[in-house]
């Protein structure tokens with residue numbers, strides 16, 4: 001909200017400087033967003049003497065002038081104003097000056113119909129000081145030549161722009177702001193004369209009947225109207241126009257300007273109707289789907305939840321929001337009907353939202369306007385109309401009832417110290433509350449506080465504490481350390497929080513960059529990756545590719561990889577550790593750690609290098625990333641089953657699943673299905689993995705942190721190699737399991753060191769070579785021992801795999 | 001020929017042969033020819049047996065002297081040859097050590113600034129005795145608004161540009177949480193039910209000290225607003241927690257986070273439905289240069305909102321506001337990261353541009369701790 005310093009001073013007796021006021025406003029919760037000098041835009045305009053003005057020989061309406069602007073020489077100026085004459089004083093703009101009323105920068109050295117012109121004599125409209133563009137400004141003869149016009153005319157005022165929080169409807173008028181500043185100690189609040197204005201005769205417009213059926217939403221509470229006959233409308237006085245302009249409003253005519261003055265000055269919106277344009281009876285009712293031509297020159301379709309003021313022909317005004325064109329007040333209006341009404345803030349807010357109309361009335365009424373100001377507001381408006389436009393006011397036409405909260409709060413004064421830590425004396429608390437309009441009764445530590453009608457936001461003790469605190473100043477609250485509950489903090493992070501942290505660091509250590517991608521993806525992507533159900537869709541998505549909560553991190557990462565490729569970076573490795581959504585329930589939210597590698601972005605770097613070939617990523621890179629994370633998170637990889645079951649996004653023959661038993665899936669890895677890659681517009685091989693960090697087993701709670709005793713054998717281990725030929729389809733895991741099982745005590749490790757296929761091992765066959773490590777515990781192994789375990793291994797493997805020992 | 005002459009001839013022949021041997025094999029041939037069983041020196045030694053005693057007495061030392069000398073020469077030549085061979089091998093094995101290495105994985109992979117900032121915030125608050133609490137992103141209307149004292153139809157709800165979920169068959173109104181504040185209620189609310197998932201923080205009895213980082217969503221997009229962003233909420237509930245302590249917590253946090261010796265904060269009364277009194281906090285800074293410097297200068301930058309938990313929120317959670325009280329605050333993690341590390345555009349955070357991540361990201365082992373420093 002904007003207001004000028006002058007305007008504030010009309011309500012506040014103060015000697016405080018602009019700076020002090022600005023600081024105070026911010027500290028009491030009316031945050032200053034800007035303090036501007038109103039005359040800043042007009043700084044360059046100066047007072048000038050028209051030394052000579054004679055007709056332009058080549059024009060019937062232009063004059064050629066010699067102007068003294070205090071520079072010591074006469075300036076040639078061609079002027080088209082009808083009122084320019086020799087000897088007058090006016091306002092002059094030098095070349096290079098920005099002319100706000102014309103929105104251009106004045107050029108110098110121009111020639112107009114053969115006569116040179118180096119500047120401009122200006123009208124009030126060109127300075128945006130009024131709508132008067134009939135002629136240039138005429139100044140008194142004693143106006144000092146060369147002086148800045150803003151200084152001379154006193155339009156060097158200060159404009160404050162403050163932000164009002166939604167709870168402070170009372171501060172949406174300058175008067176309310178002044179009340180707060182006075183309570184803060186920055187001056188004295190000046191009272192406004194709201195006394196009734198004597199009426200002359202009966203009102204031709206009867207109190208408006210409320211025509212609502214029982215359960216209809218009814219926004220109107222009390223409607224006060226006043227018929228004023230024989231007003232003389234037209235442009236408002238300069239001071240009023242200047243005041244409205246300073247805060248960014250366009251002056252219309254005196255009556256309309258008065259309604260704006262009261263709205264901004266006292267936070268009390270009004271509306272004036274041209275009474276002669278009202279047809280039949282004015283009533284209050286809900287709209288019936290009518291079209292409404294509003295004063296913002298737009299047409300709105302109103303519905304039955306919205307209250308209107310209507311006559312026989314239809315809506316005249318959308319109640320509490322905006323008036324209509326049909327009964328708008330013009331310069332020619334002679335009889336008016338001035339409305340001052342109180343409304344239900346919630347219903348005004350709802351109508352405002354529905355129509356999207358942003359108006360000064362809605363802004364105030366949805367924050368709530370003092371219900372005690374309905375009739376006084378009408379009297380104030382009447383007084384201003386009589387003052388500025390004359391006229392005869394009829395008796396007020398009043399219907400309905402205001403709604404008062406009449407709140408009283410039991411307020412133990414100790415609450416101030418309890419909630420803020422501030423020590424404030426009972427006298428000071430009482431004084432602050434009184435200055436803000438609260439009436440406190442009682443003694444000792446207890447007060448019963450009556451809340452003023454303009455503060456419906458205050459309903460309980462904590463609200464009163466805030467009132468006291470903002471007037472004392474939060475900066476005066478003494479800072480007090482928060483005592484520790486434990487001197488050494490116990491473990492802070494939960495298991496899942498630790499898993500996320502470790503997974504991130506492990507993946508980054510493997511050369512992947514951490515991305516953070518949107519939680520919502522397109523419906524198409526969601527469906528492809530196992531989501532897309534209705535419960536995970538937004539009702540009001542911001543974009544068509546952000547409609548569904550992601551069921552997987554891969555679509556976001558793949559889109560990221562695609563964007564990188566489009567920028568010329570085809571070899572990328574990205575991961576994300578974040579939430580995915582299996583349903584809209586809290587338990588449907590899991591944390592996944594997922595990653596993608598594209599092109600040659602393998603763990604030891606992308607691109608060609610002198611030390612080796614630039615190989616493209618494959619299923620093995622994805623499997624290695626997945627295993628690295630599981631290992632870092634304490635999962636015993638030897639106990640995890642790796643199954644040849646590809647994820648729905650994976651190449652069916654180059655993807656697998658990590659599982660623990662039949663129920664728990666830890667993750668998937670694989671190469672992206674080539675068809676899916678093509679659909680997603682990603683070229684080249686993509687290795688990807690997903691880990692469900694929530695699926696990992698919780699470490700068993702142990703009574704002691706002691707590790708089992710170490711068993712160090714004093715005998716050297718022995719290793720033996722075996723090669724088998726078997727069907728191509730036999731899983732390596734089967735071979736390893738069989739070999740290991742041949743002698744669980746002696747065999748400590750089995751590794752595969754060679755796998756190959758070829759004609760010489762037979763069609764559909766492969767050769768697998770394993771190295772078995774034997775660790776004797778109680779004596780050195782004899783040849784016989786070794787022979788025995790070797791034959792057990794051969795038997796176990798051949799039996800399980802259907803293969804045979806390669807000779 | 002006299003024995004002396006014979007020995008000298010042999011010595012000079014062998015000396016020349018040893019010097020002429022240019023590899024170990026040639027040298028060995030010389031050794032065998034001289035000192036082997038049938039070698040020339042050995043043959044000479046063999047003549048000693050057939051000599052008269054006095055003759056042997058004089059000839060013995062001379063012949064043995066020759067044998068020792070020749071053996072010494074062979075040994076010396078052998079050492080020389082080994083040295084030369086090693087030198088030649090080393091020369092042959094020389095590589096260009098200026099050839100660049102393939103990059104170490106840890107030199108490439110980077111942690112996103114948001115994760116790093118959350119780790120930094122966690123490090124500070126965990127030291128102050130706060131736990132980390134979490135709630136779901138898809139939240140009920142009740143937890144996101146109603147329980148936080150946003151009445152139905154209140155204009156304050158409008159300030160939030162809420163994303164709504166499509167209405168479900170159960171009629172439950174769900175939203176994407178617009179702030180992390182619903183987690184406050186989940187932590188405070190008394191319930192005997194176990195959390196439905198392990199990430200959900202169970203409800204606690206006071207004293208409560210938690211911070212709640214997480215993703216939040218609003219239907220808004222421009223250079224400083226993205227439809228998804230990150231907030232961290234803080235909550236302290238006890239019997240005597242007041243604004244004086246709130247000021248301390250925030251000052252200590254911001255000092256530690258920005259790694260400056262002091263910060264100056266300005267608390268302005270403001271309005272949030274879930275706190276009363278409510279305040280916005282500005283931090284003093286210097287915005288004259290290209291980057292914002294916290295802890296110096298004469299400008300103010302709004303950095304967070306806070307206040308005393310509203311009595312209605314306490315009541316909604318089943319706590320008696322005449323017994324328990326506390327404070328809460330909320331701030332933008334992305335914004336904190338931008339202020340500290342100088343990223344100009346919020347939208348780039350979520351673009352997965354490898355160049356951006358590798359520029360603004362953090363090394364895998366840059367673990368923020370208070371003992372090791374939050375940032376290097």
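Each Cβ is built from the backbone N, Cα and C atoms, and glycine gets one as well.
TrEMBL: automatically predicted annotations, no manual curation.
Per TrEMBL, the features are as follows:
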- A:457, A:463, A:466, A:467: Mg(2+) binding site (BINDING)
- A:39-150: domain 'TRNA-binding' (DOMAIN)
- A:404-479: domain 'B5' (DOMAIN)
- A:713-806: domain 'FDX-ACB' (DOMAIN)
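Of all the binding-site residues listed (A:463, A:467), A:463 has the fewest other CB atoms within 10 A of its CB. The binding-site residues examined here are A:457, A:466; by Cβ neighbour count within 10 Å, the least packed of them is A:457.
With helix defined as DSSP H, G or I and strand as E or B, the domain 'TRNA-binding' (A:39-150) counts 6 helix, 43 strand, 63 coil. DSSP assigns residue A:457 (Mg(2+) binding site) to coil in the three-state reduction, placing it in neither a helix nor a strand.
Confidence in the domain 'FDX-ACB' (A:713-806), given as mean pLDDT, stands at 93.
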